[in-house]
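Report on one structure; see the data block that follows.
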Amino acid sequence: MLINNITLSNFRNYSKAEANFSENLNLIIGKNGQGKTNLIEAIYMLSLGRSFRTNKDKEMMMFDALNTYISSEITAMGRNYKIEIKLGKDIKKAVKINSIPIEKLTDLLGIINIVIFSPEDLKLVREGPKERRGFMDREISQLRPNYYSLIHKYQKILVQRNNLLKNTKIDENLLDVYDEQLAIVSQKIMAYRKEFIDNITPIASANHYRISSGKEKLNIKYLPNITASSEIEFDSSYIFNKFKTSRAEDIRRRTTTSGPHKDDIGIYLGDMDLRSFGSQGQKRSAAISLKLSEIQLIFEEKNEYPVVLLDDIFSELDISRQKMLIDSLSEIQTFVTTTEAIDFNKEVKTYLIENAKVSLL
């Protein structure tokens, strides 16, 4: 998969910008605050139609701009595409593929896959469950576009249920309706998450074994908030009953206390909980192993490597981990942002970003 070029208009701090990219390694250099991550964000938008930094499209629009525009020509699965994304203060986000407007955002998902490494991803192990759920949701959405719709639907029902729980008088019949709807969607979300963790675990384990020179065994487990003694019991009616069981507590606390929005991933070295007992170096290595496994999983499903974005992570890694990471991406179109030039000992196309201007060095 390749991103051949990009054009930006009124995106973040870019009034106008254009760039053509190498199919191999692209190094983006610039001082802090010049727009390196903004460019990476625009590239990432081509995959999911949304940012990895914010849920609010208006935050990506240049101040006082009426419209923001992203356009890119890409190559994926042996086909060429032109993707256009338009944001506006008073209009709904509009996406075109080969000049044809799409009806829903899920039509964009899966056309081009992008894996991003950022300093936030290095927090994957040491931070809370929200980061790990986000990791699952972003990657599953690229592999299973229907999953994105399920998450959106779940969040919508969850908001409605929580609003009902805040009422002084609870309509139990309406609560039954919400619980039944939540149970159906929850079962599907949890099945996708289990499939993803089952598929990614052996790949991540192999990656970590290599990174640790055979000294450590990484294990990943899906930790659903709603549990069952067997998978046979793990259907929507079982989940519905779990919601009913927690209803009294939900009413007391005026919020939904159980469900996929409380799920987590367990990350272990052998039997040791890495989040609680691992060193900072071990946590970084585990996070890298997980991110590399995303790349391999996409390749196994699509028979093409995704585009990889490395946004300002080299300052977080020692020399050996930097070299290992770059060597792992030798066959993949990769974008690297940094504040200064790095000698990768390989062919690199280098860009300088200064005052929101992109120039080829």
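Each position is counted from 1, following the chain as shown.
Keep in mind that glycine also has a Cβ here, set from the backbone N, Cα and C atoms.
What TrEMBL records for this protein:
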- GLY30, LYS31, ASN32, GLY33, GLN34, GLY35, LYS36, THR37: ATP binding site (BINDING)
- 3-351: domain 'RecF/RecN/SMC N-terminal' (DOMAIN)
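The Cβ of GLY33 (ATP binding site) has no same-chain neighbour under 8 Å that is 6 or more residues away in sequence. Those residues of the chain, other than GLY30, LYS31, ASN32, GLY33, GLN34, GLY35, LYS36, THR37, with a C-beta within 8 angstroms of the mean position of the ATP site C-beta atoms are ASN38, THR337, THR339, ILE353. Counting every protein chain shown, the Cβ of GLN34 (ATP binding site) has 20 other Cβ atoms within 10 Å. Applying an 8 A CB threshold to same-chain residues 6+ apart, the list for LYS31 (ATP binding site) reads THR339, GLU354. Long-range Cβ proximity for GLY30 (ATP binding site), meaning a same-chain Cβ under 8 A and a gap of 6 or more residues, is found for LYS36, THR337, THR339, LEU352, ILE353, GLU354.
Within the same chain, the residues at least 6 positions away from GLY35 (ATP binding site) whose Cβ sits under 8 Å from its Cβ are ARG12, ASN13, TYR14, ILE353, ALA356, listed in sequence order. Long-range neighbours of THR37 (ATP binding site) (same chain, six or more residues apart, CB within less than 8 Å of its CB): ARG53, SER118, ASP311, ASP312, THR337.
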